[in-house]
Amino acid sequence: MTRSKSRSPSHRRRRSPSPAELPNRRRSRRADRIRSPYSNSHSRSKTRINSSDTLFLGFPVLKNSILLSGLENYGFDLMIQLAGLVLLSKGCPICCKCRRRSDSDSPPPRRHQRSSPSYRRRKSRSPTPSRRRRGHKSRSRSRSESLSPLSRRQLEAELNLLEEETTRRLEESIRKNVEEKLNSEEVQSEIERRIKEGQKKLFDNVVAQLHKEKEAALAEERRKEQQKKDEERFCELELIKRQKEEVAWRKKLEVEEDHANQKNLLVVALATFALVSSPAFSTSRRVLEHPKVQNGFRVKLKHVDSGKNLTKFERIQHGVKRGRHRLQRFKAMALVASSNSEVDAPVFPGNGEFLMKLAIGTPPETYSAILDTGSDLIWTQCKPCTQCFDQPTPIFDPKKSSSFSKLSCSSKLCEALPQSTCSDGCEYLYGYGDYSSTQGVMASETLTFGKVSVPNVALGCGEDNEGSGFSQGSGLVGLGRGPLSLVSQLKEPKFSYCLTAVDDTKSSTLLMGSLASVKASESEIKTTPLIQNSAQPSFYYLSLEGISVGDTSLPIKKSTFSLHDDGSGGMIIDSGTTITYLEQSAFDLVAKEFTSQINLPVDNSGSTGLEVCFTLPSGSTNIDVPKLVFHFDGADLELPAENYMIADASMGLACLAMGSSSGMSIFGNIQQQNMLVLHDLEKETLSFLPTQCDQI
């Protein structure tokens, strides 16, 4: 057999082990197999490895979280650099792979020839396995004992320094690599792209959210507006329905009464004769003929919101709310009047803005009642009361009054009632259009105002009363133009009132009869005629011909404030409505002219309840406003600025005390403050005289 050229000529085939040597040979091989690869005989570097170190690429890697994370994040190149650092510092502890590679690349070890005598000598002198193990242990002990404690500590210190240096270099390499990548154009452009995407997404989300909120707000506003219109329409329809039912009920009663009268003509004649001869009839006849009071009297008026801790704008807001309800009743009445139906519409007063004190009966008992220039009937709640609202004073008991007597059914005042029946005296039903009403019996009674007693005044004794608008008093005193009102039952049918400012705590004043006369020069007094409206005879209609703002006369059509043939339209003056309401087209012209002449920003928040407001300069309430003139027939009434422009520094707003209406217009009580307003029913005139009302 031909030998390989790479082998030595003196190499001989290894002899086969004898059967006695096989167990020792197997044990030796097993020991070689389990021996650490780092104890290879050809390794010249005897590096000590701790069992807790980690092997990486065949060399030990010291425990370090930065190293491990760095190797995972920055790839193969950095790993190669780290391997080089370790090789330079420690040398290469041959791994299993390197050992196999070394074994395959190096020439095979020289084998002793069988014929060599040295082979046999070595074999004969080779120790037994136990002797070999003892020799190995002795050599290990000698090597470990050869290192002094000082040398061991020096080696450990060098290893620690090497670990720290390796860690520092690795951290520096990682930091440089990260900085280079972060500062690269690619990374910067990617960051900018993601920032722009995030900004765009955020902006789109905000725009979408704002759009949703805007749509929701608009939908809610439309819903509320539609709901308000539906409620107004429902109230109007219910009002018309109720009025028709009341008229049908009254006609039915009239038919039954006529039928009963036809059957009992003789009984009626006898009853009439007895009634004429009775004292009660004579009292009713005196009331019928309006026995007038010789002297006038004075009454203090109290605002319904007095005593409440309200600011100027809060008081106006409450008044505007009540005024809108009152305006709604007036509009309902105009609707009935323009429908050409057979409904005889009753008077529609509001709850009113002022209370007056009076005493009823003999002996007199003091009560508070609502003053109302929009209705005629005087009434109070009476016992026995089947349905009554709560009032601050005890209910009037007619049995305790010696001056109380029922009116006869044949009296003219009984006939003047919108709805009446005759069973137990003159019974009335008086509606106010907002489901408020009073029902009872008409009577003659003595009323006392201060120290002046007025006998034989016709008033209603309400036993069935509905509505929440009267709860601040015990009833209502009508000062309308009809025959049932208090002013119509006086000898001198006239009255005047002087209303203090809206934020004044002092009382206003009502003057009745002879005390209502105005003594001043004709140039100071502005007088305009009152207009009759047969469809609504209780209201005080005025003839308004135009309005001026500053030096500008507004282009308002003459027909805007005119009374129509069906009784709708026109302008009334009313003490129970807070602000002035103008027909829509006229109000738009007034608002536009004020906006153009006042150089202030317009506030459209609606926080005050008024339609036109301006934002005041910081900390100021003194602003220049154009003058406002109402051109009545025969009287140009120029109002003081505080009678139409309300300013409040705490809110930073100045608002026009006016509102818009459809159809009827109303001259409100804010425009009448600090003016003596005289209503003369005999002359059919209305007069204005500027007056300091808190000094009357």
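Note that Cβ sites are derived from N, Cα and C of the backbone, with glycine treated the same way.
Just so you know, TrEMBL annotations never went through curation; they're auto-generated.
Per TrEMBL, active site is recorded for Asp372 (among others). Secondary structure at Asp372 (active site), as computed by DSSP, is strand.
According to TrEMBL, the active site annotation covers Asp574 (among others). Mapped onto three states, the DSSP output places Asp574 (active site) in coil. For Asp574 (active site), the same-chain residues that are 6 or more apart in sequence and have a Cβ closer than 8 Å to its Cβ are Arg326, Thr373, Gly374, Phe539, Tyr540, Ile666, Phe667, Gly668, Asn669.
Annotated compositional bias 'Basic residues' per TrEMBL: 1-16 (among others), in sequence order.
According to TrEMBL, the feature compositional bias 'Polar residues' maps to 37-48.
Positions annotated as compositional bias 'Basic residues' by TrEMBL: 109-141 (among others).
The feature domain 'Peptidase A1' is assigned by TrEMBL to 354-689.
Residues or ranges marked as region 'Disordered' in TrEMBL: 1-48 (among others).
According to TrEMBL, the region 'Disordered' annotation covers 99-151 (among others).
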Cβ packing number for Asp372 (active site), 10 Å threshold:
28
